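As written in Swiss-Prot, here are the features:
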ACT_SITE  Ser179  active site, nucleophile
BINDING   Ala67, Gly68, Phe69, Asp70, Lys71, Thr91, Asn143, Asn176, Lys217, Thr245, Gly267, Gly296, Tyr317, Thr318  FMN binding site
BINDING   Lys71, Asn116, Arg117, Met118, Gly119, Phe120, Asn176, Asn181, Asn246, Thr247  substrate binding site
Amino acid sequence: MYKSLIRPTLFKFDPEEIHYFTFNFLRKFCKIPGATSYLKSKFQVKDARLEREVFGLKFKNPVGLAAGFDKDAKLYNELSSLGFGFIEVGTVTPKPQPGNDKKRLFRLKEDSAIINRMGFNNEGVEATVNRLKSNKNVLIGGNIGKNKATPNEHAVEDYTYSFEALFDYVNYFVVNVSSPNTPNLRELQDKEPLKDLLNTLQKKNEQKKRPKPILLKIAPDLTDEQLMDIIEIVQETKIAGVIATNTTISREGLKSENKNEMGGLSGKPLTKRSTEVIRFLSEKSNKAFPIIGVGGIHTAEDAIEKLEAGASLVQLYTGFIYEGPALIKDINQKILEKGL
């Protein structure tokens, strides 16, 4: 029903406006008595064989929602009822910021893709913390970034501020230095600034009574040499793992009229490359750290490929928009079928 009726209707409207409409609809729907139970019965797959223990955390299933969908932690309780094993909120910055000018979100229907240049629009870390106080036992990742106005030489201060503010309210952290939509942000992926940032966060982490896993989210556009640097940095800084991958700046093979819009490309065109990055990291590191696989998962088979390539968990975003919540159930059922 989603692909034949709901999606064609939603796709007639501006993608950013319909995103907020869907948010409000789901929030109101879940307030109806019995609605949450209905969604759980329709989409959740409960089976002990789906449970995963990764970087010291217990996941009820390995399928999560990637950052960017619930930026301000407004809907994580409702979204979890659709069958996700975990929800990643953000990207969150210390101060609120509006992001880039609209229009900044584009559907590429012929490519089953999206281009976004949102620019870390969010209400700031304090607002996110206040909403996470209402968590009803959802496993939460906190994706953190820097404010646009913060120069790179002071970026560490932004990341540590959000880390401290979110610490008691998330289960793991994601350091986002790979979005193409904040000027010069990707320069923080360079070896020395990245080591400095991660070492600083790890020192803060180690001072806590119970440290939290810190993950690094990387771009799909890194060269093999840069990926080898990532492996070295992860092992040297002793962070918990990697999320592979963020959106791409590549436009290879696109057909849609919006293909030349500036921003990060997500969806099916990213499927192959993100899996290649996962496989490279897994093989070259000899599976030294866990990987969350994300990028172009539109079918259960796409998710299986990432798990077989070396991912411990997977995340959805664009595939969730194009395929609907049934995709979560399909993936979990396929994992059981494959015995993974």
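Heads up, residue numbers simply count up from 1 along the chain you see.
Each Cβ is built from the backbone N, Cα and C atoms, and glycine gets one as well.
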* Structure fact -> Within 10 A of the CB of Asn246 (substrate binding site), the number of other CB atoms across every chain shown is 25
* Which residues, same chain and not among Lys71, Asn116, Arg117, Met118, Gly119, Phe120, Asn176, Asn181, Asn246, Thr247, have a CB within 8 angstroms of the centroid of the CB atoms at the recorded substrate site? -> Gly68, Thr91, Gly99, Ser179, Pro180, Thr182, Gly263, Gly264
* If you count other Cβ atoms within 10 Å of each one's Cβ, which of the binding-site residues Lys71, Arg117, Lys217 has the most? -> Lys217
* Structure fact -> Near Asn176 (substrate binding site) (Cα-Cα within 10 Å), the binding-site residues in question, chosen from Phe69, Asn143, Gly267, are Asn143
* To do: Based on Cα distances to the residue listed as 'active site, nucleophile', point out the closest of the binding-site residues Phe69, Asn143, Lys217.
  => Lys217
* **Close in space, distant in sequence - Tyr317 (FMN binding site), Cβ under 8 Å, 6 or more apart** => Leu65, Ala66, Gly68, Phe69, Ser266, Val294
* Reduced to three states, what secondary structure does DSSP give Asn176 (substrate binding site)? -> strand
* Structure fact -> Rounding to whole Å, the Cα atoms of Gly119 (substrate binding site) and Lys71 (FMN binding site) are apart by 12
* Structure fact -> Same-chain residues at least 6 apart in sequence with Cβ under 8 Å of the Cβ of Ala67 (FMN binding site), in sequence order, are Glu88, Val89, Gly90, Thr91, Gly141, Asn143, Val174, Asn176, Lys217
* To do: Which residue among the recorded positions Asn143, Asn176, Ser179 has the fewest other Cβ atoms within 10 Å of its Cβ, if you could check?
  => Ser179
* Asked: Cα-Cα separation of Asn246 (substrate binding site) and Gly267 (FMN binding site), in Å?
  -> 11
* Asked: Does DSSP give Gly267 (FMN binding site) helix, strand or coil?
  -> strand
* **Cα distance (Å, whole number) from Lys71 (FMN binding site) to Arg117 (substrate binding site)** => 14
* **Around the Cβ of Gly119 (substrate binding site), the count of other Cβ atoms that are within 10 Å** => 21
